[in-house]
Amino acid sequence: MKMKHFTRLLSLFFILITSLSLAKSTIVSHDERAITINGKRRILLSGSIHYPRSTADMWPDLINKAKDGGLDAIETYVFWNAHEPKRREYDFSGNLDVVRFIKTIQDAGLYSVLRIGPYVCAEWNYGGFPVWLHNMPNMKFRTVNPSFMNEMQNFTTKIVKMMKEEKLFASQGGPIILAQIENEYGNVISSYGAEGKAYIDWCANMANSLDIGVPWLMCQQPNAPQPMLETCNGFYCDQYEPTNPSTPKMWTENWTGWFKNWGGKHPYRTAEDLAFSVARFFQTGGTFQNYYMYHGGTNFGRVAGGPYITTSYDYHAPLDEFGNLNQPKWGHLKQLHTVLKSMEKSLTYGNISRIDLGNSIKATIYTTKEGSSCFIGNVNATADALVNFKGKDYHVPAWSVSVLPDCDKEAYNTAKVNTQTSIMTEDSSKPERLEWTWRPESAQKMILKGSGDLIAKGLVDQKDVTNDASDYLWYMTRLHLDKKDPLWSRNMTLRVHSNAHVLHAYVNGKYVGNQFVKDGKFDYRFERKVNHLVHGTNHISLLSVSVGLQNYGPFFESGPTGINGPVSLVGYKGEETIEKDLSQHQWDYKIGLNGYNDKLFSIKSVGHQKWANEKLPTGRMLTWYKAKFKAPLGKEPVIVDLNGLGKGEAWINGQSIGRYWPSFNSSDDGCKDECDYRGAYGSDKCAFMCGKPTQRWYHVPRSFLNASGHNTITLFEEMGGNPSMVNFKTVVVGTVCARAHEHNKVELSCHNRPISAVKFASFGNPLGHCGSFAVGTCQGDKDAAKTVAKECVGKLNCTVNVSSDTFGSTLDCGDSPKKLAVELEC
């Protein structure tokens with residue numbers, strides 16, 4: 001009896017433990033309408049924040065701002081080459097601590113979407129693949145290749161195991177509600193033929209076997225193998241419909257802006273157009289949407305891909321590179337999220353009916369037993385509309401969506417922005433004058449003697465030699481010439497067929513010149529005249545520089561990098577041209593630069609005694625600079641102005657803040673003074689900063705700095721520049737503007753700084769834009785500037801009711817809609 005009683009108690013104990021465990025778990029599934037959480041259909045709003053593109057100290061603030069902006073989830077890729085830089089040697093430290101990042105999301109009360117890939121694209125170096133993978137025998141990426149599949153499965157399994165061990169999947173009570181395998185393979189699958197289909201089937205089976213207890217995604221993958229869920233990526237996904245009728249309409253990448261390339265302009269996507277794309281998606285049946293990016297961040301070190309992706313990955317996201325609110329985008333979307341959430345039951349359970357109102361205007365009605373919710377969408381790119389709907393008139397601007405949660409009152413219109421615009425600026429304090437020391441890069445052995453670390457017959461691709469350990473690779477060979485050589489003449493050139501992103505050439509220790517890629521032409525011919533060849537042995541030294549490895553396209557891993565030849569000397573004798581191909585000569589190779597290998601950027605560098613503090617050179621190639629500075633006071637984000645420098649890399653206290661290239665200006669054409677949000681967006685539309693450096697300012701995370709005492713900035717200058725203008729600043733809100741519509745409330749804030757003055761205010765039909773507002777033909781009879789000043793000046797934030805009650809009668813305006821234009825100084 002005692003034994004039987006004990007067995008019964010033990011059984012009850014295990015049942016209790018199991019019940020408690022299940023109570024903590026979250027059941028994530030889906031039907032044809034939506035992702036379901038614990039059996040309930042959900043509207044889910046997500047945003048991409050990539051943990052390596054910020055610092056661990058920044059994560060809580062970024063995630064909380066995303067939550068305050070109305071998001072339910074944070075999405076991130078997992079970056080294979082960052083975590084496994086050498087085969088079976090892993091790094092999950094610092095800002096690579098993905099487990100800590102997911103737990104930080106959980107601590108904020110948000111869900112997580114984990115896109116393991118492990119191909120990520122993401123404008124990340126080599127698409128996230130480690131280069132050692134490429135250098136394995138018989139390797140082909142993203143196809144039926146046993147070596148690749150084994151390595152992909154190994155890394156994917158490791159990440160899943162790490163998440164399971166920390167109980168981070170929703171099925172274990174964690175925040176991860178969705179995971180992704182592969183990435184945008186549908187864009188390239190046709191290039192791989194039957195093996196592409198077999199590979200994607202294998203991916204699905206492999207992922208499914210890992211038993212994570214939440215759905216798997218495959219983005220941009222029509223007819224994704226079951227049970228994978230296909231999703232859409234793009235600027236607009238309202239016209240997208242899943243090929244599988246049991247899959248909900250999901251959008252994994254709504255591109256909030258675009259990335260920047262060196263030599264390119266700054267992309268800009270308006271808040272109106274981004275909100276329009278979101279509202280259209282939910283109007284047409286979407287229920288899951290993710291912003292790519294919600295915070296773009298910074299490509300620290302050498303992680304930027306492309307080639308030619310800049311260090312800044314700001315992406316014109318709702319949170320800027322430094323973590324500040326990008327207004328009005330952040331606030332305008334927050335208001336939309338609030339309205340959409342109020343309609344969640346209608347959007348996920350309601351019967352859908354659609355009415356074509358003509359002239360590209362459509363209404364959509366979601367009806368439940370409790371009531372109805374409506375959208376009125378105007379996709380006409382030029383004409384505003386006065387729409388009569390259910391017996392009422394609604395003004396729906398061109399290229400906008402009006403949202404009516406009760407099918408009666410307009411709660412939101414995507415083109416009617418009632419959120420402030422924040423103009424960020426550098427603080428006005430006088431910059432600290434930096435005292436620089438310098439030393440040359442020790443390159444004489446390569447330039448004069450052609451001496452390297454390894455020797456090969458013929459030219460070898462840069463990736464194969466460096467394993468991506470460095471941006472730099474020396475190619476060096478020798479050539480014997482005598483007077484009788486048919487090549488010899490007074491008119492000779494060095495000709496190089498190159499795939500180097502930047503090429504520097506030396507002959508017999510003399511600099512011949514350089515060439516770098518422009519306009520995306522990464523296959524080019526370099527040819528320069530050489531006057532210093534000698535009878536006897538001649539040394540030719542070529543420095544190949546990579547600026548991020550290709551990250552997208554079919555078979556992108558096999559794209560050439562470096563100097564693939566031919567390399568030749570060309571002699572011109574009258575009409576006769578004689579060419580001597582050196583490609584199959586014996587070549588010496590030297591990986592990296594000596595200063596990198598000696599870690600001159602480290603604060604513990606043993607070469608500190610060799611730095612000079614006299615006769616600071618400017619315009620000198622291959623030069624190291626170093627200076628001490630004090631961290632700017634306060635908590636605002638810190639930036640360093642590298643104007644005056646050429647190209648290179650910068651470190652703060654030994655930590656790389658990325659590549660710099662402020663001497664590379666964008667073209668002078670393609671920018672407009674006015675940006676019209678109407679009409680389909682592309683990365684060139686509304687671009688700005690023509691004729692200016694693609695990137696002048698570089699992010700210095702506060703966690704890289706010593707708050708008290710000295711800090712060290714180290715620069716490696718590749719092309720030649722002047723460091724005397726380098727200075728540190730903080731980024732603050734300088735001006736706040738708003739152009740709010742009547743019958744709304746506008747919230748105004750200088751982001752933790754007091755509002756100091758009202759520069760302009762007018763209620764009626766004000767003209768112009770932020771920085772150039774003017775009084776229109778009518779305005780309220782109360783002094784708008786005094787009214788706003790009373791409400792706002794001296795405060796950190798204020799709320800202004802945009803109405804005639806606040807600003808007085810506007811009889812002169814007639815029946816036309818009234819607006820408040822206001823500009824505040826911080």
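Just so you know, the numbers here start at 1 and follow the chain as drawn.
Cβ coordinates are placed from backbone N, Cα and C, and glycine is handled just like the others.
Positions annotated as signal peptide by Swiss-Prot, on the basis of sequence analysis: 1-25.
The annotation N-linked glycosylation site is assigned in Swiss-Prot to Asn154 (among others). A helical conformation is recorded for Asn154 (N-linked glycosylation site) in the three-state DSSP classification. Cβ neighbours of Asn154 (N-linked glycosylation site) (same chain, under 8 Å, six or more residues apart in sequence): none.
Cβ environment of Glu184 (active site, proton donor): Cys121, Cys219, Gln220, Gln221, Asn233 lie under 8 Å away, each six or more residues apart in the same chain. Under the DSSP three-state reduction, Glu184 (active site, proton donor) is assigned to coil, being neither helix nor strand. Residues annotated as active site, proton donor in Swiss-Prot: Glu184.
Under the DSSP three-state reduction, Asn254 (N-linked glycosylation site) is assigned to strand. Residue environment of Asn254 (N-linked glycosylation site) contains 25 other Cβ atoms, counted within 10 Å of its Cβ in all protein chains. Sequence annotations record features per position, and here Swiss-Prot assigns N-linked glycosylation site to Asn254 (among others).
Other Cβ atoms within 10 Å of the Cβ of Asn351 (N-linked glycosylation site), summed over all protein chains shown, number 10. Per Swiss-Prot, N-linked glycosylation site is recorded for Asn351 (among others), and the stated evidence type is sequence analysis.
Taken from Swiss-Prot, the feature N-linked glycosylation site covers Asn380 (among others), and the record attributes it to sequence analysis. Under DSSP, Asn380 (N-linked glycosylation site) is assigned to coil, being neither helix nor strand in the three-state scheme.
DSSP assigns Asn491 (N-linked glycosylation site) to coil, not to a helix or a strand. Using a 10 Å Cβ-Cβ cutoff, Asn491 (N-linked glycosylation site) registers 13 neighbours. Annotation source Swiss-Prot lists N-linked glycosylation site at Asn491 (among others).
In the three-state DSSP reading, Asn665 (N-linked glycosylation site) counts as strand. Long-range C-beta contacts of Asn665 (N-linked glycosylation site), restricted to its own chain and to partners at least six residues apart, with a cutoff below 8 Å, comprise Gly263, Gly691, Lys692, Pro693, Thr694. According to Swiss-Prot, the N-linked glycosylation site annotation covers Asn665 (among others), on the basis of sequence analysis.
Taken from Swiss-Prot, the feature N-linked glycosylation site applies to Asn706 (among others), supported by sequence analysis. The local packing around Asn706 (N-linked glycosylation site), expressed as other Cβ atoms within 10 Å of its Cβ over all shown chains, amounts to 12. Asn706 (N-linked glycosylation site) carries neither a helix nor a strand DSSP state and counts as coil.
As annotated by Swiss-Prot, domain 'SUEL-type lectin' applies to 740-826, with the evidence given as sequence analysis.
Sequence annotations record features per position, and here Swiss-Prot assigns N-linked glycosylation site to Asn797 (among others) based on sequence analysis. All protein chains included, Asn797 (N-linked glycosylation site) registers 15 other Cβ atoms within 10 Å of its own Cβ.
Positions annotated as N-linked glycosylation site by Swiss-Prot, on the basis of sequence analysis: Asn801 (among others). Every protein chain shown contributes to the tally, and the Cβ of Asn801 (N-linked glycosylation site) ends up with 15 other Cβ atoms within 10 Å.
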Three-class DSSP secondary structure - Asn797 (N-linked glycosylation site): strand
Residue among glycosylation sites Asn491, Asn706, Asn797, Asn801 with Cα closest to the Cα of Asn351 (N-linked glycosylation site): Asn801
Three-state composition of the domain 'SUEL-type lectin' (740-826), taking helix and strand from DSSP: 16 helix, 32 strand, 39 coil
Residues satisfying Cβ distance under 8 Å from Asn380 (N-linked glycosylation site), sequence separation of at least 6: Asn359, Ser360, Ile361, Ala398, Trp399
Minimum Cα separation from Asn801 (N-linked glycosylation site), reported as the residue among glycosylation sites Asn254, Asn491, Asn706 that achieves it: Asn254
